[in-house]
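Enquirer: Grabbed the feature section from TrEMBL, which reads as follows:
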ACT_SITE  A:Lys79  active site, charge relay system
ACT_SITE  A:Ser154  active site, charge relay system
ACT_SITE  A:Ser178  active site, acyl-ester intermediate
DOMAIN    A:24-467  domain 'Amidase'
Amino acid sequence: MELYQKTIHEINDLLDKKEVTVTDVTQAVVNRINAVEKATDAYLSLQTEAALEAAQGLDAELSGRAKRTSLEGIPYGLKDNMCTKGILTTCASKMLYNFNPPYNAEVYDRLSEEGGILLGKTNMDEFAMGSSTENSAYKKTRNPWDLNKVPGGSSGGSAVAVAADTAFYTLGSDTGGSIRQPASFCGVVGMKPTYGLVSRYGLVAFASSLDQIGPFTKDVEDCALVLNAIVGHDAKDSTSLNLEKTDYTQTLKQGVKGLKIGVAKEFFGEGLQPEVRKSLEDAIAIYKTLGASIVDVSFQHLDYALSAYYMISSAEASSNLARYDGIRYGFRAEEYSDLVDLYKKTRSQGFGDEVKRRIMLGTYALSSGYYDAYYKKAMQVRTIIKADFDQVFGGCDVLLTPTAPTTAFGIGEKTSNPLEMYLTDIYTVPVNIAGIPGVSIPCGLDNNGMPIGMQLLGPILSEETLLKTAWAFEHESGLTNLKAPLGTEV
Amino acid sequence: MSLTREDVTYVANLARLEFSEDEVIALADQLGAVLDYAETLSGLDTSKIKATEHVLAVQNVFRADEIESCLTNEEALANAPESEAGCFKVPRVME
């Protein structure tokens, strides 16, 4: 196996034994980027020279030191909606084409303190609105398992960088499935932690009550390692949870004997691809052999989750995106007649179609006469969905579902019908509405060789249980660090 | 439920956006379809349900009233499309 193909914990072993240097590791992944990035287009901007320089500096420092932290010297990528001082942060929008943040996102500061080596900023749907990364104003990212298929979204670039071995790990953000769905489409591990567990400071806001940052990794153990580094209280984010530090690797390999895994028919409904269903049934069988008990659970109101999600997220987005007015930063239209016209021209030229659609939907839902029928109603439905999950987790420890109804679809296949695109998030959005954690791990391939994702959900702050459950399956099935048939040069 | 072109134009003004006639027609259709889908919500009786703004019991968080470092004037203006004399520059608002 090539160096760039390895997991973080495998690289850690080599670095700790001094069998390789940080420069070797960084050079290997930079070479990999040079070989395949033009085919996958995972990154919006690259910092490979700065990365190599940082690697050499770190090697000099590490030579005189016995201990290193578990992400020290490991090259990674960040979704381009996380602020990086001195490095453009565009949100894949023309609106922020020249935005150079004056401060860093908390997660970037934490990874820098850990000695992480930033390779670049990854592509995404504009302002994280989309399910295929096709809404990027700059480029189309391609799925390394089939270059004619989408990587999922909105964190498509982050998923592809890990799947194509052009980063050892990446961070994404998940408002309605934007980490888990692309992880599923690209055959990697993706986790959305409990709301408030990871600081959102410096994450460009889409829907503030739903947004959460999380990792993409090659296996479950790596997911625990990255989570260890990014979780923690941050006074700069008023929704940040103040909890004692957890080491997510401690409980990882404890197994699932006696664990109650719930299966709900509402997650196996109409529109589920038969191979996805089959693959999930096989996973359930594996959990049985591992000593978990499978219990039937059911939801009363899951059908309402998607509607409530699009109302809440669009309403919050319309408010959050009001700040893009061409005055303080970002794009400004060249020609306008007065101040209001400057706003209108700037926003109409700076935002893409999907972003404008969501702003319109959110503005409508918040406007006089419709607030009660749409926005308030959606917030009430949120209470009901949350109660549904509480009731379900009264009967099981973990809920097992498909991550998405299908495997990755074709580029251009769903762009003309927004509602059809929204329906691809049907199994992921209820999780954000309830604020609970979820992880997607690979559980097989369909007849065309495209990865299938399994989603594991648990109550608030059940990350340790989820990772333990995910690790047990991964270990037993051998579906770990999957390699897309991308070859060594494209 | 379908949206009229007038509805679209009205909401566009609230959102400080403008659209061509073709875009208005397309948006009326697309937003109408999403709102139709959202109509399913009206089938649910929520008259006795409290709204959840946040999934966690969040409260206002205050820090001590002490002076901390913040952006300098230059840093704050560095991304501005236009600035003058340490201020963001905007078109004349009053005649």
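Glycine residues also receive a Cβ, built from the backbone N, Cα and C atoms like all the rest.
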Enquirer: Distance check, please: Cα of A:Ser178 (active site, acyl-ester intermediate) against Cα of A:Ser154 (active site, charge relay system), rounded to an integer number of angstrom.
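Expert: Distance (Cα to Cα, whole Å): 5 Å.
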Enquirer: Ten-angstrom check, please: count other Cβ atoms within 10 Å of the Cβ of A:Lys79 (active site, charge relay system), all chains counted.
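Expert: A 10 Å sphere around the Cβ of A:Lys79 (active site, charge relay system) contains 33 other Cβ atoms.
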Enquirer: Would you mind giving the whole-number mean pLDDT across the domain 'Amidase' (A:24-467)?
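Expert: In the predicted model, the domain 'Amidase' (A:24-467) has a mean pLDDT of 96.
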Enquirer: Can you give me the Cα-Cα distance between A:Lys79 (active site, charge relay system) and A:Ser154 (active site, charge relay system) in Å, rounded to a whole number?
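Expert: A:Lys79 (active site, charge relay system) to A:Ser154 (active site, charge relay system), Cα-Cα distance: 10 Å.
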